[in-house]
Amino acid sequence: MANVSKKVSWSGRDRDDEEGAPLLRRTGQPDEETPLLNGAGPGARQSHSALFRIGQMNNVELDDELLDPEVDPPHTFPKEIPHNEKLLSLKYESLDYDNSENQLFLEEERRINHTAFRTVEIKRWVICALIGILTGLVACFIDIVVENLAGLKYRVIKDNIDKFTEKGGLSFSLLLWATLNSAFVLVGSVIVAFIEPVAAGSGIPQIKCFLNGVKIPHVVRLKTLVIKVSGVILSVVGGLAVGKEGPMIHSGSVIAAGISQGRSTSLKRDFKIFEYFRRDTEKRDFVSAGAAAGVSAAFGAPVGGVLFSLEEGASFWNQFLTWRIFFASMISTFTLNFVLSIYHGNMWDLSSPGLINFGRFDSEKMAYTIHEIPVFIAMGVVGGILGAVFNALNYWLTMFRIRYIHRPCLQVIEAMLVAAVTATVAFVLIYSSRDCQPLQGSSMSYPLQLFCADGEYNSMAAAFFNTPEKSVVSLFHDPPGSYNPMTLGLFTLVYFFLACWTYGLTVSAGVFIPSLLIGAAWGRLFGISMSYLTGAAIWADPGKYALMGAAAQLGGIVRMTLSLTVIMMEATSNVTYGFPIMLVLMTAKIVGDVFIEGLYDMHIQLQSVPFLHWEAPVTSHSLTAREVMSTPVTCLRRREKVGIIVDVLSDTASNHNGFPVVEDVGDTQPARLQGLILRSQLIVLLKHKVFVERSNMGLVQRRLRLKDFRDAYPRFPPIQSIHVSQDERECTMDLSEFMNPSPYTVPQEASLPRVFKLFRALGLRHLVVVDNHNQVVGLVTRKDLARYRLGKGGLEELSLAQT
């Protein structure tokens, strides 16, 4: 522990020497004492009010599975919320990615014959096909609505600008532009801030956390999908520096989570299909497929979608899952391609593989030479530095928002302010620019003439007066001479800060396209410089360097290498640039990691989520399970009184949602581990009143099936909603049939990296720590492991907080 820099000590182990373990008194009979074996030592017991304390914290904010959201007390909003990035929130619960192999589960698995097994496998493939189809259709809907609304907006503004350019009074055009932008963003931010805040942003950090095993409330609900789709349409049409591609990953994940369950808890509709997949383990795999399908629909990159899900999302992987994810990705991009081709009148052409099509790069005209490799590496360095600056600025901006802009009304006002400022800055730059280019050969959809001569257009408007996707394609493919260096330099500088300010607003939006647009702008500027230095050599094409700059900037911000390389290759339909794109992305990641972590990881950290990386901190071998585990542990007996179980579940201090089950022995003998049972299982048992009247009787006649637990999943009722009479409190509950009789355990002397590897690789929620006699001495949960991380000064232990 010498190398551990402790910030605040919250672990219950620090109080072991200070507190004794008082007795738990039986509810309703104060003169009797009922032993509640806590496993902290031979015969150890503790009071009901002190069960499972985490340090000195007595109150823990419960997740939505514990509290009824309809009866939660109203939130109050202080003027400032103190926030420290060295915190780990207790409000997040873990998902059960390890199946509880109790008697019910094993009996069902034994009944599955070869035919039933094949049926389950076929259902998996059918679900993946449905995920791909629906994700593709949602992407089509977003694209068509954005194209029509944005086209209408830009036509109205263009006509207004053309009108007032001749007669004067362009300030009215500015007012119209800012008003239209603010109106769209107002609606988009209101529905996010007041209806479903988890729909804000791209959703990629939240999906990463879900696949990592963290339960993010409402992240894969139908309402979230509706708000996400509506919000991203309004954000893009509102002219913000955002893209619609990132949120497709979140949308695909929500679709996958819903389809795989065969019901909608939001709509209270159960279609009685796919019931076998109603558990976290199965849902996780389908959400991985949904994330990949979202990438595939966004960029027309099915292989890139699979690699994105592997690199950024899925924490657990196997060969069969790879095939199903690839299948969902291919179906998604084909559905999008087919529907958009019909919409554009080219039914048999299939020319729209993704929401954004970078266009084909001519390999012969734009081939690279060996002496350009150092130039590409230099561009990667620039992208890494600019990405680090972007992330650092966004970090401090997000900290400011957490502390001061936490009221929904303030969040809406900020979003409208950013929309108005974006329109104003764009108008001022377009108005001030005298960069006029010939209209002939231009790909601009809404060319603005302003003060240019007839037959010319303002090139600054080509970057600002368009959707970001079309602006990226223009920078890639417009012929040399379409932009002058001053225009590109000003656009890069201004759009960089606008995109940084915009990311983190309470709107549904992504950072993929803004990053590509910034990089394409300074990359094209880089290409113009190379062309000037080499005397307009044929290989110094600005479009090629715009592509490399876009890859460098995006890689410097999000720090993805493998998946981004393939996505860029598939989106450009050109394998030639695979090697230079990989070099650029790797260089950008290496350089950026020197200064600050990637944008998604940074926001996960700012939200204090107990996210587990692939490996434990490299300097953590000096720590053992004894030092990181939570103690004392609330244990239950095989045959436990209903009143005790109700009291344990009602006690907010015992909020680990899992309880070791120990053998029922005499008070003087040690309690050995027999199994583990989850809070959700106990809730279902109490709801169905699986009691016996006297402790010497067997189970009641009514036998629970695994279906009863699946029907309650995933929104288990809160303990407060289950009525247990005084007579029922005196009954006994036999946990033998429902507990997991073979939970994973580790000895006290196991090192932290070994505990971490076991916990992380198996997707555990609880890991029981036992002594040499198999007595429970502690419990390791996700938060116990996540609070150790490698800081600049060595190994740090994060503080635990309620929010």
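Every residue gets a Cβ built from N, Cα and C, even glycine.
Every protein chain considered, the tally of other Cβ atoms within 10 Å of the Cβ of D784 (ATP binding site) stands at 28. Look at D784 (ATP binding site): DSSP puts it in a helix. According to Swiss-Prot, the ATP binding site annotation covers H656, N657, G658, T781, R782, K783, D784.
Under the heading domain 'CBS 1', Swiss-Prot lists 629-693. Applying DSSP to the domain 'CBS 1' (629-693) sorts its residues as follows: 18 helix, 19 strand, 28 coil.
Among the features that Swiss-Prot reports, domain 'CBS 2' is placed at 739-797, with the record citing sequence analysis.
Sequence annotations record features per position, and here Swiss-Prot assigns intramembrane segment to 204-211 (among others).
The intramembrane segment feature in Swiss-Prot is assigned to 286-298 (among others).
Per Swiss-Prot, intramembrane segment is recorded for 302-310 (among others). Counting same-chain residues at least six beyond the ends of the intramembrane segment (302-310), those with a Cβ under 8 angstroms from any Cβ of the stretch are 249, 288-289, 291-296, 317, 322, 325-326, 329-330, 332-333, 560, 562-564, 566-567, 569-571.
Positions annotated as intramembrane segment by Swiss-Prot: 543-557 (among others).
The intramembrane segment annotation in Swiss-Prot covers 561-572 (among others), and the record cites similarity to another entry as its basis.
Under the heading intramembrane segment, Swiss-Prot lists 573-576 (among others). Remote same-chain partners of the intramembrane segment (573-576), defined as residues 6 or more beyond its termini with a Cβ less than 8 Å from a stretch Cβ, comprise 360-361, 363, 367-368.
Annotation comment: Swiss-Prot describes S9 (among others) as phosphoserine.
Sequence annotations record features per position, and here Swiss-Prot assigns phosphoserine to S799 (among others) based on similarity to another entry.
On the 0 to 100 pLDDT scale, the motif 'Selectivity filter part_1' (201-205) averages 92 in this prediction. As annotated by Swiss-Prot, motif 'Selectivity filter part_1' applies to 201-205, with the evidence given as similarity to another entry.
Under DSSP, residues within the motif 'Selectivity filter part_2' (243-247) fall into helix, strand and coil as 2 helix, 1 strand, 2 coil. Under the heading motif 'Selectivity filter part_2', Swiss-Prot lists 243-247, citing similarity to another entry as support.
Look at Swiss-Prot and you will find 510-514 tagged as motif 'Selectivity filter part_3', backed by similarity to another entry. Within the same chain, residues 201-202, 204, 232, 241-248, 298, 356, 468-469, 472, 495, 499, 502-503, 554, 557-558, 599 sit at least 6 positions outside the motif 'Selectivity filter part_3' (510-514) and bring their C-beta atoms closer than 8 Å to a C-beta of that stretch.
What Swiss-Prot records for E312 is site 'Mediates proton transfer from the protein to the inner aqueous phase'. Taking all protein chains in view, 24 other C-beta atoms sit within 10 angstroms of the C-beta of E312 (site 'Mediates proton transfer from the protein to the inner aqueous phase').
The topological domain 'Cytoplasmic' annotation in Swiss-Prot covers 1-124 (among others), and the record cites similarity to another entry as its basis.
DSSP labels the residues of the motif 'Selectivity filter part_3' (510-514) in these numbers: 3 helix, 1 strand, 1 coil. Sparsest Cβ environment among the recorded positions N657, T781, S799 (other Cβ atoms counted within 10 Å): S799. Tertiary neighbourhood of the intramembrane segment (286-298): same-chain residues 127-128, 131-132, 135-136, 138-139, 207, 210-211, 220, 244-246, 248-257, 259-260, 277, 304-306, 308-309, 313-314, 321, 324-326, 328-333, 335-336, 354-356, 512, 563, 567, selected by CB-CB distance under 8 Å and a gap of 6+ residues from either end. Taking Cβ-Cβ distances under 8 Å and a sequence separation of 6 or more, the neighbours of R782 (ATP binding site) in its chain are S94, G213, V214, P610, L612, F759, R765. Outside the motif 'Selectivity filter part_2' (243-247), and at least 6 residues removed from its termini, the chain residues within Cβ reach (under 8 Å) are 142-143, 146, 202-204, 228-229, 231-233, 235-236, 298-299, 355-356, 468-469, 508-514, 516. Broken down with DSSP, the motif 'Selectivity filter part_1' (201-205) shows 2 helix, 1 strand, 2 coil.
Within 8 Å of the Cβ centroid of the ATP site, not counting the listed residues H656, N657, G658, T781, R782, K783, D784, the chain contributes S94, S630, R765, H766, L779, V780.
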